[in-house]
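These notes concern the structure reproduced below.
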Amino acid sequence: MKKSFSRSAGWIDRSLKSVWHPCTQMQHHETLPLVALKSGKGAWLFDQDGNRYLDAISSWWTNIFGHANPFISKALKDQLDTLEHAMLAGCTHEPVVELSERLSVLTGNTLGHCFYGSDGASAVEIALKMSFHYWKNSGHPEKQEFICLKNSYHGETIGALSVTDVTLFRDSYAPLIRNSNIVESPDSRHAKDGQTATDVANAAADKLEALLQEKSAKIAAIIVEPLIQCAAGFVMYDPLYLKRVRELCDRYKIHFIADEIAVGFGRTGTFFACEQAGIWPDMLCLSKAITGGFLPLSLVMTTDDVFNAFYDMDITRGFLHSHSYTGNPLACRAALATLDLFKNHNVIARNQTVSRQLSEALKPLEIHPRNKHFRNKGMIWAFDVDLETEKQATFPRRFFEKALQHELLMRPIGNTVYLMPPYILNGEEIGLLAHKTISVFEEMMKS
Ligand SMILES: *Cc1c(COP(=O)(O)O)cnc(C)c1O
């Protein structure tokens with residue numbers, strides 16, 4: 001089923017000359033196909049030649065209701081003719097107010113103040129600056145350091161890289177980056193014989209406590225990806241860890257920043273991943289799926305306590321952070337439509353059925369001898385492929401190419417293959433996705 005890229009070849013050549021593609025060594029595209037997309041509908045993307053691809057990773061985890069979702073599309077068209085954009089300093093508008101209120105209700109009004117940005121990394125930077133400035137305003141200017149987890153990923157701007165522990169993204173820029181305190185990840189794969197995921201979570205939390213005992217006076221916040229460290233290769237862990245972090249943050253007086261940019265919006269089986277631990281952070285970062293993949297938008301939700309520390313007549317005590325498109329009405333409207341879809345279609349409950357069906361269909365992978373740690377949480381599946389050393393470096397690219405030949409858009413991280421499909425898959429698409437993933441994997445194991 002080798003695809004020919006003949007008609008779209010023109011687009012590909014022009015793209016490779018004029019577009020610098022993200023997270024890519026451009027020279028790899030001398031042999032690796034670039035997909036020249038024309039349109040999308042539901043779970044599928046269509047290229048210039050009329051080939052289709054099931055978007056098995058929701059286009060970098062954003063398109064939870066599929067492409068060209070008609071409901072979000074209609075909401076946007078209405079907003080487009082009303083108010084496309086206005087600055088949010090000194091002005092406000094219905095979409096941004098309604099979105100802030102509705103998200104706040106979803107946290108039981110614990111996180112009642114929303115600060116807006118445009119992408120995930122800027123939300124992370126906002127949270128870090130907010131925590132730092134909170135302590136300064138509260139008479140603790142000495143609290144200047146952050147804690148992040150081993151293999152954490154919080155974005156790729158210079159500030160976000162300071163709490164990102166991914167060598168590949170960090171090392172080239174090391175001299176520019178401020179170091180954070182890196183603590184052990186509660187990665188449940190670390191369980192030794194006789195140990196449970198809960199034991200691993202407790203051991204990791206004990207290590208965090210040891211660090212806090214030593215230097216909490218200097219620490220502003222810990223930032224954590226709740227339940228799953230996605231970019232690290234879908235590291236999953238016991239919710240108990242989040243509970244322990246919450247307790248430790250309270251005891252040692254540091255902020256808890258939850259980065260739900262990847263896991264928020266129902267991905268792990270609850271609307272927010274933190275719900276599974278029964279806790280709320282001091283700051284919650286959201287982006288990616290928030291607009292159903294239609295427009296860039298991010299935000300940080302926070303508590304009255306944090307908000308009040310900035311509330312004053314003195315301008316320098318205010319949170320003087322902004323982006324040009326802060327709170328863009330179109331993006332907020334898309335987010336409101338996304339929330340409507342959750343409510344009107346009982347998405348969290350429906351996903352349980354989809355999750356069960358896809359897990360069942362993926363059974364042959366779960367028991368395959370070349371796979372380790374097959375894991376599933378909500379609408380995420382991942383497994384680690386056992387590879388000869390010399391095949392490791394090129395594995396993601398070769399898998400990507402093979403998947404395209406089977407009408408799948410997939411992008412493994414290292415030797416970890418994952419599925420993070422849109423929630424709207426029907427029965428036939430669930431079967432196709434499982435069947436095609438298994439075929440790609442089996443062919444990869446032969447080559
Ligand atoms: C993607 C991601 C980010 C960064 O978001 P961008 O929009 O790519 O800047 C931050 N944190 C997590 C957990 C992410 O998955």
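Including glycine, each Cβ sits where the backbone N, Cα and C put it.
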Report summary line: Which of ASP259, ASP384, ASP386 shares the pyridoxal 5'-phosphate site with GLY120, ALA121, HIS323, SER324 in TrEMBL? The record says ASP259
Report summary line: Spacing of the two Cα atoms, GLY120 (pyridoxal 5'-phosphate binding site) and TRP60 (substrate binding site), in whole angstrom, works out to 12
Report task. In three-state terms from DSSP, label ASP259 (pyridoxal 5'-phosphate binding site) for me. Result -> strand
Report summary line: Restricting the binding-site residues GLY120, ALA121, ARG411 to those with Cβ under 6 angstroms from ligand 1 leaves GLY120, ALA121
Query raised in the report: What's the CA to CA span in angstrom from ARG411 (substrate binding site) over to SER324 (pyridoxal 5'-phosphate binding site)?
Result: 32
